[in-house]
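Colleague: According to TrEMBL, the record shows the following:
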- 16-37: transmembrane segment (TRANSMEM)
- 18-435: domain 'DUF112' (DOMAIN)
- 146-178: transmembrane segment (TRANSMEM)
- 198-221: transmembrane segment (TRANSMEM)
- 315-338: transmembrane segment (TRANSMEM)
- 358-381: transmembrane segment (TRANSMEM)
- 388-407: transmembrane segment (TRANSMEM)
- 413-429: transmembrane segment (TRANSMEM)
- 475-493: transmembrane segment (TRANSMEM)
- 505-532: transmembrane segment (TRANSMEM)
- 519-657: domain 'DUF1468' (DOMAIN)
- 544-562: transmembrane segment (TRANSMEM)
- 588-610: transmembrane segment (TRANSMEM)
- 630-652: transmembrane segment (TRANSMEM)
Amino acid sequence: MNDFILPVLANLCDPLNIFLMVAGLAGGIIIGALPGLTATMGVALMVPVTFAMDATSGLIMLGAIYAGAIYGGSNAACLICTPGTPSSVATTFDGWPMCQSGRADKALITSLLSSSFGGTVGNVFLLCLAAPLARFALKFGGPESFWLCLFGLSTIAVMSSGNMLKGLVSGAIGMLVATVGLDPHAALPRFTFEYYPLIQGVEVIPAMIGLFSFSQVLYLIGSYKPFIATYNPNKGAFGQVVRELAGKCKVVLLRSSVIGTLVGMLPGAGGEIAAIIAYNETKRWDRNPDRFGTGVIEGVASSESSNNAVIGGSLIPMLTLGIPGSAVAAVILGALLAKGIQPGFKVFTVTGDLAYTFIMSQFVVNLLMIPIGLLLIKLLVRLLSIRLTFVAIGIVMLSVIGSYAIRNSMLDIWIVLIFGLLGYFCNRVKLDTGAMALGIILGPMIEENFGKCVGLSKASGGSVIQVFLESPIALLLIGFTLLSLVTPLLLDWKRKRAAAEGQDTGAAGVGVSGAANVAAGIFSLAVSAAFYTQLGELEGVGKSYPLLILCFITLVGGYVLLHGLNQRCKSAGGAPQNDGEPVAYRRVAFIAAASVVYVVLIPILGFYAVSAVFLFGSAMLLNDSQTSPFRAACLLTVIMCTVVWAGFAKLLNIPTPEGLLF
């Protein structure tokens, strides 16, 4: 590297490259903050622009967009409980509660500083340990990747502390949803329910938008709050967060960043898995794990430091072996190949100035992220001063265009609505939507590696169990998985023992109201029955894998139902149970019905015409303020339509749904 110090410094000090870092970072943050616009999409959109640049400047810009988009997803996750990118799902667990309790500035600053720290740690690994770490990643075959994904899925047990079985059944339902579409083993339609477009499968991003965004719209509309949250400006928030991160969170930051880097090296793993695993480990090692999910700074710090460390990790196998560790790294690899640059040993020798400039630019980007992020935070917190109703209605429009942008398919918009209603129902009956999301994300990878293991057993003539257990790395991951499952059981046992003289807390971690457990049990059994009828002529792994999931859902769902019925019998004649805050169900029903009509009319009247009617009509009918409802509705309609037209259609060149008339 010493031979390239001067060229690298010259490249970093180039005014054009500095501008590209700032512009790429700011643009990436904005893209990441918009639900449905992923880091992959943002980087891919800008690849053609790099053809007019030299390779160094093009890579610098793409790397800045990548870093900005991954961090940007945390802003939406904290402010409106909508992960801007899949890697920000875990950030909602504590970021949103922090915002609701009036600590929005602390939540956003924590995510910013943690993102910068995690990205820097990932880059240190990239700079110093690229070659040996890449060789280690190559040791992950089918069995190792299978157990890694199962370990990630087992974190549901800790995430759903107090409702462990319901969390596991939610994750299993998510895995089942991930099997919808084309059977990857036999190339046959599977679980399409005679609806041919479902052969495309359930896209992850629309499902996430539905579970976390549209369901949150229903919650916000049904609440009696005038604003999303109370915002209490704290001029000393930055210093307070720095002291907390440097004090009680320093181990959390370092551990989570290392986890993110290691997971990032594994092809296909991604920031969402890293964030979930890091969040789980932080919660596991905390002295009081029950406080997670209530708005603790450690939860946000662990999620954001890990998913940003994934960036450096994913670039390690890409630069050294030509194997991208993430979808974004694959896009950047394509840009490299288009420039005639072949990844491998020669990247660090023949074109060392390019490689080391790219790596060092990521250090600069993570430093620039702090001032640029602080500037944008001051603008973003203004969302909290907008009336809750208007924010919720605007989220519906952004959810529609964000989901359509994935595949230019109306199916994805319907997926948002269906999963939004499903997420709202799950929240009411205490089924963990985070666990379901994790199942949807990890499901395809688990099935793929399950199929690989079955294929290896047939090729070697050995048993499937032997293939799963013969690797030392696999055995280590099995141990971690069992530890994740046993830990919550031990914690529940300790709590019950400590409160033995008190009231019964319920069995096996399903201790919420009987009505909620009955509803959750019936829903689980109904899903299992519906999918069972669709097994049809499937065979081999394409049938056995979902059948195992169905058996698990049936057994656990049946137990939850029986436990709920037992709770109902015990509480018969007693005082009615209060399952939470009051809900304005008429408003919830209205916005749900209006959203369905909105989507139905889009292919007929066109996106902008129907959006204007939806925004104006919903704002007028749901407006809970006493001043100028007509003016407010007009203003909301004009602003949202202009933002979507200018930002999506013109700036990012993303098509909007077209209708027959407009």
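Using the three backbone atoms N, Cα and C, a Cβ is placed for every residue, glycine included.
Tell me about the surroundings of these features in the structure.
Modeller: Within the chain, the transmembrane segment (198-221) has long-range Cβ neighbours (under 8 A, six or more residues past its boundaries) at 35-36, 38, 80-83, 86, 89, 92, 177-178, 180-182, 189, 191-192, 228, 388-389, 391-393, 395-396, 398-399, 402-403, 406-407, 409, 411-413, 415-424, 426-427, 433, 436-437, 440-441, 584, 587-588, 590-592, 595, 622.
Long-range contacts of the transmembrane segment (358-381) within the same chain, counting only residues at least 6 positions beyond its ends with a Cβ under 8 Å from a Cβ of the stretch, are 8, 11-12, 17, 21-22, 24-26, 29-30, 33, 56, 59-60, 63-64, 67-68, 71, 75, 79, 104-105, 108-109, 112-113, 115-116, 119-120, 123, 126-127, 231, 238, 308, 311-312, 315.
Proximity of distant same-chain residues to the transmembrane segment (413-429), defined by a Cβ-Cβ separation under 8 Å and at least 6 residues beyond the stretch ends, is recorded for 170, 202-203, 206-207, 209-215, 217-219, 399-400, 403-404, 436, 516-517, 519-520, 523, 579, 588, 592, 595-596, 599, 602, 657.
The average pLDDT the prediction assigns to the domain 'DUF1468' (519-657) is 83.
Non-local neighbours of the transmembrane segment (544-562) in the same chain are 165-166, 168-169, 172-173, 175-176, 179, 190-191, 447, 450-451, 508, 510, 517-518, 520-525, 527-528, 531-532, 535, 538; each lies 6+ residues outside the stretch with a CB under 8 Å from one of its CB atoms.
Under 8 Å from some Cβ of the transmembrane segment (630-652) lie the Cβ atoms of residues 31, 34, 37, 45, 387, 390, 393-394, 397-398, 401, 405, 608, 611-612, 615-616, 619-620, 623, all in the same chain and six or more residues away from its ends.
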Colleague: How about long-range neighbours of the transmembrane segment (388-407): same chain, 6 or more residues beyond its ends, C-beta under 8 Å?
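Modeller: For the transmembrane segment (388-407), the list is 34-37, 41, 80, 82, 200, 203, 205-206, 209-210, 213-214, 216-217, 220-221, 223, 225-228, 413, 415-416, 420, 591, 595, 598-599, 602, 607, 611, 614-615, 618-619, 622-624, 632, 636, 640, 644, 648, 654-657.
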Colleague: Within the domain 'DUF1468' (519-657), count helix residues (DSSP H, G, I), strand residues (E, B) and coil residues, in that order.
Modeller: 104 helix, 0 strand, 35 coil
Colleague: In terms of Cβ proximity under 8 Å, which residues at least six beyond the ends of the transmembrane segment (16-37) contact it?
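Modeller: Long-range Cβ neighbours of the transmembrane segment (16-37): 46, 56-57, 60-76, 82-85, 88, 205-206, 209, 213, 361, 364-365, 368-369, 372-373, 376, 380, 395, 398-399, 401-403, 405-406, 647, 652.
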Colleague: In terms of Cβ proximity under 8 Å, which residues at least six beyond the ends of the transmembrane segment (588-610) contact it?
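Modeller: Residues 214, 217-218, 221-222, 392-393, 396, 400-401, 410, 413-414, 417, 420-421, 424, 617-618, 621-622, 641, 645, 656-662.
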